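Copied from Swiss-Prot, the annotated features are:
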BINDING   31, 45, 57, 142  substrate binding site
BINDING   67, 72, 104  Mg(2+) 1 binding site
BINDING   72  Mg(2+) 2 binding site
């Protein structure tokens with residue numbers, strides 16, 4: 001398997017278009033992660049079925065979040081995407097998140113060319129309010145059976161805040 005951090009750039013952040021590699025399909029309870037050391041996907045653990053991912057979950061290549069992993073992405077699509085699929089995506093916001101005391105932000109995006117929705121999603125405000133609630137509930141509670149209170153969505157940010165999070169993550173990658 002090719003190393004996504006070698007073959008893909010983060011994308012055109014200023015234009016709000018990023019490259020995304022999908023790790024976990026929407027609806028999956030398998031915690032699949034990109035293992036940078038071996039350049040392959042790895043099953044980290046199986047979550048309880050009630051904590052299946054509410055969206056596709058992936059990362060932006062050549063970025064590092066404050067937790068030391070590639071910057072996470074919540075990718076909104078009508079149907080689940082397979083592990084290993086990569087695409088250009090449009091940034092629509094950021095979910096500011098703390099996991100076990102570490103910043104672990106999630107960039108929220110949609111496919112850059114989404115003819116199904118007519119490219120209707122340009123900001124978090126364009127998403128169904130109930131989807132935002134479901135995502136927030138998931139991330140506030142998905143570790144509750146093992147470590148109650150260890151995760152917290154602190155707030156939702158707009159496209160510009162998301163771009164700044166991405167820029168900082170690119171800087172961390174380049175300085176590693």
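Glycine is treated like the rest: Cβ placed from N, Cα and C.
When the binding-site residues 67, 72, 104 are compared by Cα distance to residue 31 (substrate binding site), the shortest distance belongs to 72.
Rounded to a whole value, the Cα-Cα separation of residue 72 (Mg(2+) 1 binding site) and residue 57 (substrate binding site) is 7 Å.
Comparing the binding-site residues 31, 45 by how many other C-beta atoms lie within 10 angstroms of each C-beta, the top residue is 31. The substrate site, placed at the center of the C-beta atoms of 31, 45, 57, 142, has further neighbours from the same chain whose C-beta lies within 8 angstroms: 24, 29, 30, 44, 47, 51, 53.
The two recorded residues residue 104 (Mg(2+) 1 binding site) and residue 45 (substrate binding site) have their Cα atoms spaced 18 Å from each other. Listed in sequence order, 47, 51, 151 are the same-chain residues six or more apart from residue 142 (substrate binding site) with CB atoms under 8 A from its CB. For residue 57 (substrate binding site) paired with residue 67 (Mg(2+) 1 binding site), the C-alpha to C-alpha distance reads 16 Å. Compute the center of the Cβ atoms of 67, 72, 104, which mark the site for Mg(2+) 1; besides them, the chain residues with Cβ within 8 Å of that center are 65, 66, 69, 71, 97, 99, 102, 103, 105, 106. If you draw a 10 Å sphere around the CB of residue 57 (substrate binding site), it holds 23 other CB atoms from the protein chains shown.
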